[in-house]
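Colleague: Quick one: the structure is below, and I'll ask about it shortly.
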Protein chains: 6
Amino acid sequence: MRLSEESRSLALETGVQLHAEGSCLVRLGNTHVLCSASLEDRVPEWMRGRGKGWITSEYGMLPRATHTRSAREAAKGRQQGRTVEIQRLIGRSLRQAVDLAALGEVQLTLDCDVVNADGGTRCASITGAWVALALALKARGLERALINQVAAVSVGILEGCPGLRQGLILDLEYEEDHRAAVDCNLVASLPTGGASELSVVEFQSTGEGRSFSRTEATALLDLGLKGCAALMEAQRKAVALG
Amino acid sequence: MRLSEESRSLALETGVQLHAEGSCLVRLGNTHVLCSASLEDRVPEWMRGRGKGWITSEYGMLPRATHTRSAREAAKGRQQGRTVEIQRLIGRSLRQAVDLAALGEVQLTLDCDVVNADGGTRCASITGAWVALALALKARGLERALINQVAAVSVGILEGCPGLRQGLILDLEYEEDHRAAVDCNLVASLPTGGASELSVVEFQSTGEGRSFSRTEATALLDLGLKGCAALMEAQRKAVALG
Amino acid sequence: MRLSEESRSLALETGVQLHAEGSCLVRLGNTHVLCSASLEDRVPEWMRGRGKGWITSEYGMLPRATHTRSAREAAKGRQQGRTVEIQRLIGRSLRQAVDLAALGEVQLTLDCDVVNADGGTRCASITGAWVALALALKARGLERALINQVAAVSVGILEGCPGLRQGLILDLEYEEDHRAAVDCNLVASLPTGGASELSVVEFQSTGEGRSFSRTEATALLDLGLKGCAALMEAQRKAVALG
Amino acid sequence: MRLSEESRSLALETGVQLHAEGSCLVRLGNTHVLCSASLEDRVPEWMRGRGKGWITSEYGMLPRATHTRSAREAAKGRQQGRTVEIQRLIGRSLRQAVDLAALGEVQLTLDCDVVNADGGTRCASITGAWVALALALKARGLERALINQVAAVSVGILEGCPGLRQGLILDLEYEEDHRAAVDCNLVASLPTGGASELSVVEFQSTGEGRSFSRTEATALLDLGLKGCAALMEAQRKAVALG
Amino acid sequence: MRLSEESRSLALETGVQLHAEGSCLVRLGNTHVLCSASLEDRVPEWMRGRGKGWITSEYGMLPRATHTRSAREAAKGRQQGRTVEIQRLIGRSLRQAVDLAALGEVQLTLDCDVVNADGGTRCASITGAWVALALALKARGLERALINQVAAVSVGILEGCPGLRQGLILDLEYEEDHRAAVDCNLVASLPTGGASELSVVEFQSTGEGRSFSRTEATALLDLGLKGCAALMEAQRKAVALG
Amino acid sequence: MRLSEESRSLALETGVQLHAEGSCLVRLGNTHVLCSASLEDRVPEWMRGRGKGWITSEYGMLPRATHTRSAREAAKGRQQGRTVEIQRLIGRSLRQAVDLAALGEVQLTLDCDVVNADGGTRCASITGAWVALALALKARGLERALINQVAAVSVGILEGCPGLRQGLILDLEYEEDHRAAVDCNLVASLPTGGASELSVVEFQSTGEGRSFSRTEATALLDLGLKGCAALMEAQRKAVALG
């Protein structure tokens, strides 16, 4: 088991979906997610005529992304609650990356499909979807609409691990996540314009086995911000904004 | 518009669903939620034979709880993502209230149905569901399994309101929630055993219009904890543990 | 057990759903139904351009309205046959209350949600929905479209009860309904214009344990008409047409 | 247009579904329904171990049974409210034909599929389903369980037709049904044991365009009973109980 | 068991669905299918404005068409894979019968509902649907659009039957189909204009128990073409093109 | 446009899904499919107790596998007819590869998810699924159950291409498939035991724009068999049976 305050190794391979305006295969340790950004020149009906764009997301798992095969949601005829919750989070997070008014009446759909799952799939999806989104905007000459960089990481408290400072751990693998007493996801943003400090887009912290103190909450937040800063460097290289 | 660091007036009426083991109508300003706790002597299949209990929740809105009528989910044939997300949060939060091993193989289902919606329905549901849960456990002589008191409140940042300290506002009405730049839900717990400090069960903070700083995050958390402490007093009176 | 030719005590509380154009909580003994009338300035597509209005209804039960918890229809993803049958009856009955041409292109949706069920929920729904409907029409200055008062009551034959004349019983509780040999629902109407006799909107009579004679059928009808007359007095007070 | 107190011509052809324990093609004027009775040696789970049988029904329309093609319910993925209401009525009515205890743990499913629709399909279904049911019981040596003959007919009030006594009309065609002010379905039964009077299994009367008086209700009931008596003669011939 | 290279006896009864533009009850041995053609003066949205027509098909089985009762697809809420596959085949095959441009913006829906199933229902459906289609086009004066005659037959290899040349068998009954090592469906067409050779519209050959050689494939194809030629004679008589 | 009787370049990358018993990413030109084989020690209920195994398949497309984004089937809540048809074909084809009795009560599920679609996805899925299946059997010491090698290829007739002999073309790209007059899929098998001739598992040939002759049918079959032989060489290398 990796015990540290660093995230797992990250690889971002672009151009993997040939038809997509932008795509990226994220490999974060053994968590692999295929992200694509599809750009269409129309927005949902409830947004028409406002001159603004929209960003939405859909998330899925290949049936054998997991240790044992999971039922295919298309075959079951409905998406699980967990799926819906995750795709709402991805959509909400990535809307912070873009000036929707600068997009014009354009919709971007971010599809995140998990090929291999080993913890942190929603955070890896956000990190990869930002790359796909940035590439799609470039491909269509819409870079000016990209106002923030967005990345996400998980962070938690693992009890009974002497090697961890206050039990804090960044970027949990499946086994670690399973045993964690407190489990958080942090989505952070950074203006694309230049040097600046990261701020918080979304911070979700949940006591799984126990509740946690105000002090622990802030320590988790701080570690997550540090983790996101590192992921953002890799993102910039992948889209050659670096 | 109320601009303050106090929550709206809270009334907790018990016994409103005649057949339920425990029930409570929460009125938090113009947000009214009917909460019931149903106790069954069997657990879901995946939990059988472990000697432990389970707590789950379902959430719904009456079609005319809202300004304009919303489609009935039973008629549409599927629950919205928002509904599923909320009922997962309620279930997760209330499981922190109970020692599941002390319950035995018993399932408690917490139904929260919104009669009138004016912001903060998920938090009001958690606060009311705890009362229904506590009454159901009393009615069946299972008080020993109730180890924590759990309540929830929303908190946010409203910009352009000179009356607010740093824009902070507790327990947002629908209109306030709609205009908020940052929007949080805090679920807190307190051991039933005696005097102690509140701790965090779940803290969900989302930048709606903008991201927010680490300093703002901790100020929001602090205001939420203060708000939950006040709600817990009312809960104790309602179940006469006070 | 009440054995009589009178209905249970009736209370009609109005204004319970804050956003609805009209609303009413019916309490008929231990049967409690929340009724609301939602008025929208558009009709279903198949009715457009005819200058006429439309009235429809949806019916539901809170999961713990019943002795043991029932599955939530929204969660199961489909409405039961019983639900569909009841809401079709409510809609059909209340359309008799209104001159649809005098409404203009307006749709009224009558939502009836059962909070506590102890027999007769469909009849209580109709009685309460009429109050909500009348209030909604008043609130929008459309009283002229309200041409009939409509109320409903159940009536049946209970065998082996010496206190009952020919076994006849009005407004059956759940236990009585369960044991009844013949089970009827009567919807009656009375012109709003002035003194007149009640007439029949719908009479549904079903032999549950045995078939019944022509004589029994007419006795059931007569008792039901008498019962509806009493309910209509309470309705008039509630909407202050009295 | 036929204006009379007699039903349309009735033909009952048996044995049309080769695999069914009993089957009957009913032709009532231009309304044609294919009825089959399927007998299985098991009852629904909730009835097991009681030593009693069960009777249920399913109803459908071929897409081109109607003037213009209707959507196939299997393709739409859900049965309409009208379908569910009708199949509940058929099942309830035919359960009155049988002594369920004398059946043993046997389930009979009555499928009624409309080939051509010209009004009165639910009544024709009941009349034909009784024939299929009787044949299936004979085929399996279970005649003793058949205690009542059951048939059904529609009856209504048509205004503005001088040829009709009080506007009364039996067995309405589609066009008549469409114009009727009052619309009823009567299901009647007669003990198989010998001469006796018909009694009522179900009487559903609905004011479509106007409400109706107590006097009209009884006249409708009387005409319906007379109509059912004639249909029962044809049924007896078809199953050779004559 | 019939062992031969001839198909079962074929009867084509027309006009069985009174409202349909064309209809035909096919009886091929104990396989009976009710086929109707419904003509509407509009095409699906994706085809509008091109001046061309469209042909589609829906297939179903009455629940008791089979040895034991099958669940009704409308009640289950979804069509089986087999159903979808068959109706796609029927639609595709019959589109070869018609010059869609000569139709104008007209849609023909071919409904095929199996009354009795004894093998070969998809082929019997195609053969009967062509008759219904031809009659509908005649009824509307669109014969010029009918450019090909289309019929279908099953063919297979049955092992261990000394009476069969190379095991080849035409038009398999259910029991034969069940035991077949190789199972094929052949759809053939013939120009309506005059004498000509049959050609292949669709040839689907599947090794059920074993794979098969190139030589067997061509023998199967030849036998199927011979079988279709005979069926086409009967079709021509039924529509009086003969 | 490639005009030839050779298939596109084929690459088979194994081990791409970390948790699967066997997996393979097929790249056939710009058609890329991720195939996995999941082995479970239980069979579907209807097969239990027979001591035999079962093989089934599910097929899906990532939303942006296509030129424009397709709706996600999990979000729509049902699989399309095309999807169901394809996964039935894959399952049927791969069951020919295995001696189900030698498997024991084991189920293999073959998931084929299309990452990039450029024609021939069902054939590429079969070719790749065989590799995943063979690897899974090896990983569990069940090689003896693998009795046949199975591969598939598309073949068609393209009119107006002077470079093509009789218009014949192997392994059609999307654009070619779209323009083809005749469109076939051939699944072939070869015993694993040693040198032998390919035989046919399934041959589906469809006239899209026109029907075709017996001579064309056999030429298509011959070209397809030649194409499958080449694909099988690549399969053997990938699983090192070579």
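Keep in mind that glycine also has a Cβ here, set from the backbone N, Cα and C atoms.
Annotations in TrEMBL come from automatic prediction, not curation.
Okay, these came from TrEMBL:
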- F:6-136: domain 'Exoribonuclease phosphorolytic' (DOMAIN)
- F:Arg82, F:Gly120, F:Thr121, F:Arg122: phosphate binding site (BINDING)
Colleague: How many angstrom lie between the most widely spaced Cα atoms of the phosphate binders F:Arg82, F:Gly120, F:Thr121, F:Arg122?
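Modeller: The span, Cα to Cα at its widest, is 13 Å.
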Colleague: Going by DSSP, give the three-state secondary structure for F:Gly120 (phosphate binding site).
Modeller: coil
Colleague: Going along the chain, which residues six or more apart from F:Arg122 (phosphate binding site) have their CB under 8 A from its CB?
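Modeller: Residues satisfying the criterion: F:Tyr59, F:Ile86, F:Leu89, F:Ile90, F:Ala152, F:Asn185.
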Colleague: Cβ distance under 8 Å to F:Thr121 (phosphate binding site), same chain, sequence separation 6 or more: which residues?
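Modeller: Same-chain residues close to F:Thr121 (phosphate binding site) (Cβ under 8 Å, separated by 6 or more) are F:Thr31, F:Val33, F:Met61, F:Ile86, F:Val114.
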Colleague: With a radius of 8 angstroms around the mean position of the C-beta atoms of F:Arg82, F:Gly120, F:Thr121, F:Arg122, what other residues of the same chain does the phosphate site pick up?
Modeller: F:Tyr59, F:Ile86, F:Val114, F:Ala117, F:Gly119, F:Cys123, F:Ala124, F:Ser125
Colleague: How many other Cβ atoms are found within 10 Å of the Cβ atom of F:Gly120 (phosphate binding site), counting all protein chains shown?
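Modeller: Step by step: centre on the Cβ of F:Gly120 (phosphate binding site), count other Cβ atoms within 10 Å, giving 27.
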Colleague: What is the three-state DSSP composition of the domain 'Exoribonuclease phosphorolytic' (F:6-136), stated as helix, strand and coil residue counts?
Modeller: 45 helix, 41 strand, 45 coil
Colleague: Are there residues of the same chain, six or more positions away from F:Arg82 (phosphate binding site), whose CB falls under 8 angstroms from its CB, and which are they?
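Modeller: Result: none.
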Colleague: If you average per-residue pLDDT over the domain 'Exoribonuclease phosphorolytic' (F:6-136), what number do you get?
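Modeller: Across the domain 'Exoribonuclease phosphorolytic' (F:6-136), the average pLDDT comes out at 95.
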